[in-house]
Amino acid sequence: MDSVPRLNSVLTLVLSGLWHLGLTATNYNCDDPLSNFLSLKAFSSSSDITGSSSSAQLNWRMGTGGWSPADSNAQQWLQIDLQNRVEITAVATQGRYGSSDWVTSYRLMFSDTGHNWQPYNQEDSIWTFVGNMNSDSVVHHKLLHSVRARFVRFVPLEWNPNGKIGMRVEAYGCSYRSDVADFDGRSSLLYRFNQKTMSTLKDVISLKFKSMQGDGVLFHGEGQRGDHITLELQKGRLALYLNLDDSKARLSSTVPLVILGSLLDDQHWHSVLLERVGKQANFTVDMNTQHFRTKGDTDSLDIDYELSFGGIPVPSKPGTFLKKNFHGCIENLYYNGVNIIDLAKRRKHQIYSGNVTFSCSEPQIVPITFINSRSSYLMLPGTPQIDGLSVSFQFRTWNEDGLLLSTELSEGSGTLLLILEGGTLRLLIKKVARHGTEILTGSGLNDGLWHSVSINARRNRVTLTLDNDAASPAPDTSRIQIYSGKSYYFGGCPDNLTDSQCLNPIKAFQGCMRLIFIDNQPKDLISVQQGSLGSFSDLHIDLCSIKDRCLPNYCEHGGHCDQTWTTFYCNCSGTGYTGATCHDSIYEQSCEVYRHRGHTAGFFYVDSDGSGPLGPLQVYCNITEDKIWMTVQHNNTELTRVQGSSPENPYSMTLNYGGSMEQLEALIDGSEYCEQEVIYHCRRSRLLNTPDGAPFTWWIGRSTERHPYWGGAVPGVQQCGCGLEESCLDSRHFCNCDADIDEWANDTGLFSFKDHLPVTQIIIMDTNRTNSEAAWRIGPLRCYGDRHFWNAVSFSTEASYLHFPTFHTEFSADISFFFKTTALSGVFLENLGIKDFFRLEMSSPSEVTFAIDVGNGPIELLVQSPYPLNDNQWHYIRAETNLKETSLQVDNLPQSMREASEGGHFRLQLNSQLFVGGTSSRQKGFLGCIRSLLLNGHKVDLEERAKVTSGVRPGCPGHCSSYGSNCHNGGKCVEKHTGYSCDCTNSPYEGPFCRKEISALFDSGTSVTYMFQEPYPVTKNTSLSSSAIYTDLAPFKETIMLSFMTTQAPTLLLYLNFSSQNFLAILLSRNGSLQVRYRLSKDESHVFNMDTENLANRRVHQVKISRDGPELSIQMDQQLFSYSFSPEVEFRTLRSLVLGKVTETLDLDPEVARANTLGFVGCLSSVQYNHIAPLKAALRHASIAPVTVQKTLTESSCGSMVDSDVNAVTTVHSLSDSFGKTDDHEPLQNAVRSDSAVIGGVIAVVTFITFCVIGIMTRFLYQHKQSHRTNQMKKEYPENLDNSFRNEIDLQNTATECKREYFI
């Protein structure tokens, strides 16, 4: 029995190799001329100048010296009957001898019957061959894929413009032998095994088939335990069912495992190969292969008794079949090395043949193709004035709309129209004076399948029948008297007819028709081609040139393909990609890029390889810190208790990050730094068993390798962090837990070796002893930095360049990068092939060109910029080419785009090195910087290559010149090697771009006083620019900005104290309008009243005061007021700035004192005096800034939302925060998953809420007392203080505090 699998294995390999050899053509000696011994009758043509057939064999010089048609037009052809099916591997052509007649380009077509021709395809399109340039030279073409056919036809496309069509031709190849079986749709072939069950671990099944219909079973086998294999043609596609030993998966209830192919009912030969080894399998239909894994529980396929071909016969019921039988021919059918058809022909006992013959019967069906949606039509005559009408035909198309039939009826019966509209069949009979009749049937008829249509009118009854089979709906009928017309127009109408003769309310039909019957008589379409019947325009007769443009599916990343007759479209919805072929990711490649685009913290999708094969992964971007952290969560970030594990019964947990390992690796490799926090709490549970024992705990990273080191240690040493620091509980061990004590200990640290991250699995084996227990937690993956986005190089000479391996791509190619330069021109990138190439260059200071040739001739796209591109600023370029279009984008300028040519080459075939910053000729080199180069999503490391290349330097300074405007509100751009950062020291804002407001909530007694003196060190390195602020304390210019929100008036917003008791006060007067008061001397005050609405209206308002010498401007929201001081006015030295209530004993102006009495109740934000931000200093640098805060100052989110975004305040909790705070050794029990955790959590929450309520009541009572104090002043001041506003803010703020997150 062991010899059987071995023999099957050998046969599998041998047969697989022979099948592939036959598929690619090519016996080395298969290049003989095939027409040497043919008679003159073997050559035929559409027409001939002699009126009869002429020999057109290569090198023929007699007679007319070759073939030339009577008229030189696109309808001419020359064909050879090779008498038998042969293998054709090459063709050759000449012009007509001794003439100026030759063909410069042509197409090849093949057929087994002389009808239903098939064009020669290459690169998934109809191939055009280059012809001759004179009448004598021979142009030879080796076919990339050999063809097996009896007839070969040459179709001239272009010819010598100074002559006519003229050809002498030859086909090369060899004889072809095959075994063929013909199935009539009611028969099958059975291959019976020598034993009851055939069990195979490997299978190879190969065949070729030609089908007359779209459905039918090609082969089937099944076993009693649920094994089955079935190959079935379903609507012109091959469906494979394959299951190994699964009794639940019956054939009747399963869906196909794989579906391949399309339009396989075209009556042409198609090849099939199924290769299986265990559960791994390859399924190939024609040239398309799909790899898949089979269903089932075992690796063997167990088939009982027999395999059936052509149908699934029902046991004990002869002539009965489970599914529709195959109707067509099968050739060279092999099952694991056994030639099934040969056994049947020799009538071997293993084969049972039922009504199967061994030659392929070919029906003489002549299809036609309507190729033009404007001008294609076919006119066929009918018998006029018959009482009734009968028309039937079959059609197939991809278009939703098109005219199928139009005919003018006799006796004033009107016009009959049959239209395909929105994929539905619509029959209209239009009457001139009366109401017409309409019948609708079918849907989705633009599915590319053959559909039959029949229109019958008899005895005042018209019937429309679609696809006359059991699944069709009942025909729709309507009573009407009609008489047949004399002409029937199919597909469209000629331009020279009136509407009554042929009416087309919709575009012409594009698709195929066949089997046209009028008055129950078939129409000979070959006679139409020869001009003896009817007329036509823009038709291909004797072939159906329908093509499935969605096979293969060129829509990338799971995009859905839809098509019409001429093109395909990609529906990218839900894929995360966009573009003509769903090639371009809609997501950024890192959190760093999101930050650069101006986004704030939050969840984002990151697509690390852009347009590459990896999909997007959801991460959290913490963009509120200097380092932009990217966090990827997994499925188990809580503390987990482990007991009862041992080497014999280990505990294991696998972590799932919501993405593939390839996605995670790309994210990690593209980051500057990554880490994961790991925590291991232990009691009598050893971790690594140091120093010499086998580890009891280990973890697995991105590969399957075990890692016996713990957080804080480095790879290669079996230690924990305390071992490296020599701080372990027991100096004899390198981990705290390895001390194996009966108390809680822990080993906590970080994994940061990127090549090992992320942690994917943890195994624990020492918690099975008495009092032995462990609790572990592995934090999320956290990374920062983008190694690519700021990866830049500088080219210093025109002869310098970087070279990289060839840019390999198939159907889509995209290139993107940033550049900056001061040069007038230069080549960015160039890659060459034998014919194909692409080149991106700045051709002038304001123009970028993208030149490319994919084999159809070079094209050049140009983008012209209205501004110079050599301004030493960063500019962005993106170029893309795909099957649909070629495009070029520069910055945000309008895109330059050109649609791809239909039916041409589309593969970009390159073989030279990729040159960056120059060309292979070392001319027109680029001077400047290039960064962030991406090729189809692949990140090119420019800096690494520049380190070993002369004339090119890694890095490129000067980012702030381009991106300094991203630093808002007075923020200063700071250059970094990898990009830039915004220094918000002198801005009242903060955040990555100085756009986050700093706001505070003021009570009636709150006072913030800023003293003007030497600057405080807000950073480690005090900047000179900061100290320069204070050199002139009586500035000639000053700018004051703030935002406020209040319901109180009068109230004091800001008080600026000068020396000699002078001041500047900004306040709201009694009516809520803005007032600015200057006192510049004892006797001189300046009061500026702004005629505004009541600003104490619980809305945010902005104030900006600018003074340049004596000129003063005050902007209140959108209103601008201008004033002037006298030139003699002198401004004193600054002493202090007060926000809220002025508490110093100062000689206040009475109006200011009145506004100051109750202080300020409300919100202040974004307060700035020149380059000083007093509110920011109070909230962020209170310990080192010259600022004093009295009473309660609460940071709040109630600041202005007018000119800046409100960034979400994000708190990042360390995964170890809830440990060690109460007990340095034992983990908090409520952090471990247990019932006690729930109880403790509830108690803690209730307790905390109680404290919150007490806090709210205390604050309320305090405010009530404060309001009681002010009752004595009610006579002097108006009762317009809105305490409800204060209370609302307090309650909201206290409630917010109660919502803080605690780990309990």
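Quick reminder: no glycine exception, Cβ is built from N, Cα and C everywhere.
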In Swiss-Prot, the entry for N-linked glycosylation site among Asn355, Asn1057 points to Asn1057
Under Swiss-Prot's annotation, the disulfide partner of Cys572 is which of Cys561, Cys582? Cys582
Hey, which of Asn282, Asn746, Asn1071 does Swiss-Prot call N-linked glycosylation site? Asn282
Across all chains shown, how many C-beta atoms besides its own are within 10 angstroms of the C-beta of Cys956 (disulfide bond)? 23
Spatially speaking, which of the disulfide-bonded residues Cys360, Cys956, Cys982, Cys1163 is closest to Cys544 (disulfide bond)? Use C-alpha to C-alpha, please. Cys360
Over the domain 'Laminin G-like 1' (180-360), what does the predicted model average in pLDDT? 87
Just give me the nearest neighbour of Asn1057 (N-linked glycosylation site) among the disulfide-bonded residues Cys561, Cys973, Cys984, Cα to Cα. Cys984
Any idea what DSSP makes of Cys929 (disulfide bond), helix, strand or coil? strand
Nearest of the recorded positions (Asn282, Cys360, Asn496, Cys570, Cys982) to Cys956 (disulfide bond) - Cα to Cα: Cys982
Minimal Cβ count within 10 Å, across the glycosylation sites Asn282, Asn496, Asn622, Asn1057, points to Asn496
Short question: most Cβ pairs under 8 Å with the domain 'F5/8 type C' (25-174), which of 546-583, 791-956, 957-995, 1020-1198? 791-956
Structural state census, the domain 'F5/8 type C' (25-174) (DSSP three-state): 3 helix, 70 strand, 77 coil
Students should find that the Cα atoms of Cys960 (disulfide bond) and Cys982 (disulfide bond) sit apart, in Å rounded to an integer, by 10
For the domain 'EGF-like 1' (546-583), distant same-chain residues with Cβ under 8 A (at least six beyond the ends): 124, 261-263, 266, 288, 369, 373, 396-400, 448, 510-512, 605, 607, 611, 613, 615-616, 811-812, 814, 880, 882-885, 902
Please list, in sequence order, the residues in the chain of Cys929 (disulfide bond) that are at least six apart in sequence and whose C-beta is under 8 Å away from its C-beta. Ala792, Val793, Ser794, Phe795, Phe819, Lys820, Thr821, Cys956, Gly958
Under 8 Å between C-beta atoms and at least six apart in sequence, can you list the same-chain neighbours of Cys984 (disulfide bond), or say none if there are none? Cys967, Asn969, Gly970, Gly971, Glu990, Gly991, Cys994
